[in-house]
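The substrate binding site annotation in TrEMBL covers A:Ser62, A:Asn112, A:Glu158, A:Asn165, A:Tyr189, A:Tyr237, A:Val255.
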There are 4 protein chains.
Amino acid sequence: MLEALLNTLDRDARQQETWGTVASYIPELAAVDPAQFAISVCTVDGQEYHAGDYQVPFSIQSVSKVFTLALALGRLGDGLWDRVGREPSGRAFNSIVQLEVEEGIPRNPFINAGAIVTTDAVLGRQAPRDTLGEILSFLREAAGDTNIHINRHVARSEQKTGDRNYSLAYFLKSCGNLSNDCDRVLGTYFHHCAIEMTTVQLARAARFLCGGFSHQRLIGIERVRSINALMMTCGHYDGSGDFAYRVGFPGKSGVGGGIMAVVPNVASIAVWSPGLDRYGNSLQGTAALARLSRETGWSVFA
Amino acid sequence: MLEALLNTLDRDARQQETWGTVASYIPELAAVDPAQFAISVCTVDGQEYHAGDYQVPFSIQSVSKVFTLALALGRLGDGLWDRVGREPSGRAFNSIVQLEVEEGIPRNPFINAGAIVTTDAVLGRQAPRDTLGEILSFLREAAGDTNIHINRHVARSEQKTGDRNYSLAYFLKSCGNLSNDCDRVLGTYFHHCAIEMTTVQLARAARFLCGGFSHQRLIGIERVRSINALMMTCGHYDGSGDFAYRVGFPGKSGVGGGIMAVVPNVASIAVWSPGLDRYGNSLQGTAALARLSRETGWSVFA
Amino acid sequence: MLEALLNTLDRDARQQETWGTVASYIPELAAVDPAQFAISVCTVDGQEYHAGDYQVPFSIQSVSKVFTLALALGRLGDGLWDRVGREPSGRAFNSIVQLEVEEGIPRNPFINAGAIVTTDAVLGRQAPRDTLGEILSFLREAAGDTNIHINRHVARSEQKTGDRNYSLAYFLKSCGNLSNDCDRVLGTYFHHCAIEMTTVQLARAARFLCGGFSHQRLIGIERVRSINALMMTCGHYDGSGDFAYRVGFPGKSGVGGGIMAVVPNVASIAVWSPGLDRYGNSLQGTAALARLSRETGWSVFA
Amino acid sequence: MLEALLNTLDRDARQQETWGTVASYIPELAAVDPAQFAISVCTVDGQEYHAGDYQVPFSIQSVSKVFTLALALGRLGDGLWDRVGREPSGRAFNSIVQLEVEEGIPRNPFINAGAIVTTDAVLGRQAPRDTLGEILSFLREAAGDTNIHINRHVARSEQKTGDRNYSLAYFLKSCGNLSNDCDRVLGTYFHHCAIEMTTVQLARAARFLCGGFSHQRLIGIERVRSINALMMTCGHYDGSGDFAYRVGFPGKSGVGGGIMAVVPNVASIAVWSPGLDRYGNSLQGTAALARLSRETGWSVFA
């Protein structure tokens, strides 16, 4: 039944009037064909279901912030919360207004400023190369797949057009909320955002946040709950409330069109469609998750 | 076991160093003894558990916004979302800044401005008296208890000190987002905020949002999910992210110290302790829910 | 020569491509023909010059705030500055954002919120009728003309559409910065904004701010300087910097299209043309003053 | 008489209870003894008057922005105003909030973001060394004194602690409002802010903005008026309204404690005292100018 449903979602996505708009700030993302869709689901009983372009790797972008957060919490524990908040921001993903008002403490780890701080926390005194190795290892172990890599062209393009992120980083630095220098932190940040995965890999990688996969104990259950709570309230920038309303389980989107989602104790999910809505979240990806939620009753809200 | 746990929560609350600060903007709330605590839980198998001052009625204040929202959705359906958003605000409950920036569309139905709009929607062309009757009927039916009333002294005091809410209402009016005049809307608003209930009554009333009580079909399951999603992302003002993080199920707080919460398909909960934290949410009430969540594993997040 | 110049300004105004847009929020202002222009100049040697529709009375609107400020300073002296600031606002005339950020202290006496506070200060414990009589007396004495009146239709229309001003007033009240109730203050405010004058009357009335008219000692020279400084930095809402840049002497505009201006020790000026620019200042009025300044070298800036 | 007055101002400054607080963000400024005061006045009849520490060079800091603006206007003419506004900001000198709201167009050329844009405009395609040479040449010619230099220790310290300015520059860059790269612009910016002058030199340099010195025709009279208008409305950050109110002629302050001021057609002035008020303007310097204005009647406002 789930297999049939995923195929329906795939067919539906391809019959919509609009795919949304692909991110255009770097050539590598701008060149992606918007007319693509993929979905993968791993259920706690060990089954896997896929539909659409599930073998096409895409740039996971901000989805990587979830893994960085997991590592930062592993390193600093609750001390991380002295440097970054846990509240929805009520603003765009790259807004600097809130940073000034709240004196350099980003609202949450999923807006750009917050992810820059968690990247700094994971870096510590390590070399960026080692930190990136650590992030990749974590992802590969979570996904059970060594074939996960960083696209260095994408990372370089991000760096070239990353003025707004540099502005955020220097602001954080001026408030004393970065221990490494801005180039070092952003170099690492741009690289982990440039990781490429298929929905198959991403759905598998998300199992550690599901709570029901017995062999997926990369982090403790308390931390799983924490990260899922953050994805629920802050995972989709200023469209987080809408995602919770329409989909009803935790997820994290990226500007590459991917969304990683978790139905606690039931399934882990990855969906991808590169066209975005006005908040920067995948248009058809979100629509598919909304329908999946309705059809399965997987909403955590009843 | 649940009974023992509630008793522990009650004992713990009474042994904390601080009760927080009671709301002081009206004499009726300022006079409440902070050293009180109550908790009630209704489980879907029909059991009820109570501890502490569960027979003491308190002013439910903003918790009433959930019921008004349910009625407004019943009346306008999704048309309501043209007049009020579904996103966390990132600001204090009574902020007017966002209203100016977003031209009179409140961010969500649980900040004051949003609740004023939903009250206007429920009013329609009715007399305030009839609308209040309708709200009370809904609550009494949900709670299965006719002994639920409005404290008119509290309503009058709210009105006397309600300048900030008048400012919000006139702003909404100037943007064309109120169909009734400000006095009429706020009169109704102040009265439904002045409803008094015990935790027993409130936990029972919350069953219609739980999804698992077979005889509690006041609204459809889709709407239940919607309201729970809104409580999760917006139910605690600018402390909503923190509540999701610490407690992990949907809830709505009031400045009288009450919190109504829902564990979908498992239980409905009411907790009350009048001392507040800096966001205006019950200090010991939130702490008790956090511990309850940890001990029971009732978090929706795994 | 000045006479010829004013005639040129009048002719120029009538040959421009656009008159701007008349204020449309009340029928009385919306019905005004935009194709009108008048200018009057009183020089300190006692001469007067007029051109255009200088015998047509118009609604002085916010220009009245200067006279209210003069009276408020007369009553409270520098104590007024505890309740209202002296800084440009960087925002629209009716913005409420700044009030929230600065906790009920308006940035200056010429934005709406600030003028509501100065009106409250002039009111004190008087009846609104007496206060309005006082404002009219001051104006009539300054102008040397008893034929200056309030248009009560305009005042009533302002009141009917004054929701945004009510929002500001209630906000001020909630911060403790109004001693009278909102209706009383706004009733007075709407009425003094509804005073009607010709440019002849307004230019004469402005002589008390000029400093060079020997018989115009309504207020001391220190206070004259203060008010002129405020008109220079704050007299044209968020177009004040531009007015200083283009015109170079102090002035105060109103949404009825009037501008009162002062060339210290040289002349007082009134100009009127009802079409407005995007900041709410008279389009052709400002253009005429800019040209007058260039031709006469009356800029205070060299 | 002016000589006696300056001596009185000097004596008064030294008898005040407080000198204010010196800027502490770089060691070179933090080490300055706050108990210093100097004032110099050049009158259009060719006289000069000095009192206090007028032979001590100080870091002119933001006062240099006036000279950069003069050069930028010379290069781009009114085209500059497409890239920077002419309105008071209503915010602190280093605020980034406005930049986000107004999409990379700084409010005026005297806040940091605006001065970074004018520096970029002066740079054009020149080498920073050539641009700095041009700025110094302009200043030396204006002052009639070749002994004016950049303190490279100060420039280097500014660079080291300049994270907030880097944040502003990268933000401007991300909005397309810088044609040079950030390092190049800020390198130039930090160096021209690190110019050192005595009040004698600064008062003489300001003569070109006075309008009455026959041999000081570095820029046309229209441009003189423009720059003076900008100094009046925006010259003291978020204390500009207060400066206009208390002093009444155009001026520009720097965080080194210097203020350059102009009484059009009468005199040019420089004052220096390193202790600052809460807006970052010289505390005793402003007080001295306020008293000078009162005693001489030099206010432009009557």
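Every residue, even glycine, has its Cβ placed from backbone N, Cα and C.
Note on A:Glu158 (substrate binding site): other Cβ atoms within 10 Å of its Cβ, all shown chains, come to 24. DSSP classifies A:Asn112 (substrate binding site) as helix under the three-state reduction. The most densely surrounded of the binding-site residues A:Tyr189, A:Tyr237 is A:Tyr189 (count of other Cβ atoms within 10 A of its Cβ).
Other Cβ atoms within 10 Å of the Cβ of A:Asn165 (substrate binding site), summed over all protein chains shown, number 24. Each of the binding-site residues A:Ser62, A:Asn112 was scored by how many other Cβ atoms lie within 10 Å of its Cβ, and the smallest score goes to A:Asn112. Comment: substrate site residues A:Ser62, A:Asn112, A:Glu158, A:Asn165, A:Tyr189, A:Tyr237, A:Val255; largest CA to CA distance 19 Å, whole number.
Close to A:Val255 (substrate binding site) in the fold, though at least 6 residues off in sequence, lie A:Ala23, A:Leu29, A:Gln61, A:Ser62, A:Leu276, A:Gly280, each with a CB less than 8 Å from its CB.
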